[in-house]
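First up is the structure itself, then whatever we jot down about it.
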Amino acid sequence: MLFLGMANAYVMRTNMSVAIVAMVNHTAIKSGEEEYDDECGDRDIPIDDSQDGEFPWNAALQGYILSSFFYGYVITQIPFGILAKKYGSLRFLGYGMLINSVFAFLVPVAAREGGVWGLCAVRFIQGLGEGPIVPCTHAMLAKWIPPNERSRMGAAVYAGAQFGTIISMPLSGLLAEYGFDGGWPSIFYVFGIVGTVWSIAFLIFVYEDPSTHPKIDEREKKYINESLWGTDVIKSPPIPFKSIVKSLPFYAILFAHMGHNYGYETLMTELPTYMKQVLRFSLKSNGLLSSLPYLAMWLLSMFISVIADWMISSKRFSLTATRKIINSIGQYGPGLALIAASYTGCDRALTLAILTIGVGLNGGIYSGFKINHLDLTPRFAGFLMSITNCSANLAGLLAPIAAGNLISDPSKPVMGQWQIVFFIAAFVYIICGTFYNIFGSGERQFWDNPSEDEQKPALESSSTTNPPRLSNGSSAPRAISSS
C-alpha cells in the first residue's frame, strides 16, 4: 500500500509536466524555435500546431505553475513530521492524499476560470495535501522494517515514485491527445479518481505499526519490535533538537537530499518541455519517451537495493561504506549524464539514451541517503525526513523557475539555454554527493538511544537473529496491510 501511495503521490506531481505541454498555445508565444531550426536544420518530425492548447503562457509562467505545487508541499513537511512522531502517521498520510486527489478535480476549472494564479492556488493546495507522504512513510517504515532489510524494502516502497511517473507520463500524453473535455482535463479527472480510491482503501486496511495490527503473528511482531528497539519497551522520548542540529551525518543527508531534488525536479518538470521544444517529439510520443528514464530508475533501484543489502549482510562493507558507495552511483551518475547530454546537440536517440541511463543510475539514492535516516535514528526517522525533505523541496521548487527563466529568452540559442540548465543541475548533483561522501555515516547516533540498554546498534542485534518462520513458510515481516 505504501508503494501504491508513493506512486499516486508522484502521479499527482508529474501529470502537470505533461499536461502543460497540451495546455499551452505554443504558436501564440515566442519559444525560440526559429533559432533552434537554425542550429539543427529542419526536423523530420515537425511540431503539429493543431495540438496547441488554449493558454498563451510563456516559459516563465509555466515555471511558476510547475513550481506552485512544491510551495504547498514544503510547508507541511516539518509540521507533519512532528505530528506523526506524536500522534502516528497513518491518518495524516491517508487524509492528506485524499485532499490532494479531490483537488485534482478542480484543476481544469481553476485554469479556465482563474487563469495562471487560480491554477497555482489549486496546485498549491494539492501540494499541502501531499506534504505528509514522505515523512509519514518514513516514520511507518521505521516501525515495520528491520535494519538489515532497509535497503531492499525502502527501495521497494520509494520505487513507487518511479512507477507512478512511468504510469503518469505516457497515460497523461494519451489522455491529453484522446481524452474528453478537450483532452488535458481528463488527466486530472482520471488520476483524481484513482487517488481517491487509494486514500479510502489505505485508511481502511492499513495499520500504524505491528503492535496495532490485529492479524499479525505474535512471533513476527516480537521479531520486528526487538530488531528495531531491543528488548526494552518501545519508548517515545522527546525529539533531541540540539543533538540533531550539531550532527554532521544529518547535514550530509540534508545536502544530498537537496542536491538530488534540484536535479531530479529539473528533469521531472522540464523533460517533457525539452522533448517538445528541442527534440521535437509529438505529444503522444512525448509522454511515453519521457517515462523511459523513470522506468530505468525503477528497475535499477530494485537491482541496486539487492546489492546494497548483500554488501551489508555479507559484512564485506560497513554500513557507512555501503551507503556512500551506492549513493555515489545515485548522484554522480545523473550528474555526469546531464553534462554528456548537454553536448549531444540534435541527436535525439543519443540524448534520450544518455538521460535514460543517468536517471536510471539515480535509483541508487534509495539505498543511499534516502534510507539513511533510519540508520541514524529509527526513533526520529520520520522527523528527520520531514526536515531534509522540506529543505530538499525548497531547492527543488527553484528548478522549474530557474529553467523557465533560463529558456525564456527568444534572442538566445535554445540549445545553449538548455545546456546551462543541465550544467547547473549536474553541478548541484556532484557537489552535494561529494559532501555526503565526506560527512555521511551509517551508524546509529547516540541521541537515538536514551537508555544504556539500547546503546548497541539495532543492526547488530538484528543481523544475529534469524527471522521466525511462520505457519505459511514465509519469514517476517509481512505487508503492513491487513488484506
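The backbone N, Cα and C atoms fix where each Cβ goes, glycine too.
Per Swiss-Prot, the feature transmembrane segment maps to 64-84 (among others).
For 90-110 (among others), the entry in Swiss-Prot reads transmembrane segment. Long-range contacts of the transmembrane segment (90-110) within the same chain, counting only residues at least 6 positions beyond its ends with a Cβ under 8 Å from a Cβ of the stretch, are 5, 8-9, 12, 16, 76, 80, 83-84, 118-119, 121-123, 125-133, 136-137, 140, 181, 184-185, 188-189, 191-196, 198-200, 202-203, 206-208.
As annotated by Swiss-Prot, transmembrane segment applies to 187-207 (among others), with the evidence given as sequence analysis.
For 292-312 (among others), the entry in Swiss-Prot reads transmembrane segment.
Marked as transmembrane segment by Swiss-Prot: 349-369 (among others).
What Swiss-Prot lists as transmembrane segment is 383-403 (among others), and the listing cites sequence analysis.
Under the heading transmembrane segment, Swiss-Prot lists 420-440 (among others). Long-range contacts of the transmembrane segment (420-440) within the same chain, counting only residues at least 6 positions beyond its ends with a Cβ under 8 Å from a Cβ of the stretch, are 248-249, 251-253, 255-256, 258-260, 262-263, 266-267, 270, 320, 323-324, 327-328, 330-332, 334-336, 338-339, 341-342, 368-369, 372, 395, 399, 402-403, 406-407.
Look at Swiss-Prot and you will find 447-483 tagged as region 'Disordered'.
The compositional bias 'Polar residues' feature in Swiss-Prot is assigned to 460-483.
Beyond its flanks by at least six residues, the transmembrane segment (187-207) meets 1, 4-5, 8, 11-12, 15, 18-19, 90-91, 93-95, 97-98, 100-102, 104-105, 107-108, 168, 171-172, 175-176, 179, 181, 213-214, 480-483 of its own chain at Cβ-Cβ distances under 8 Å.
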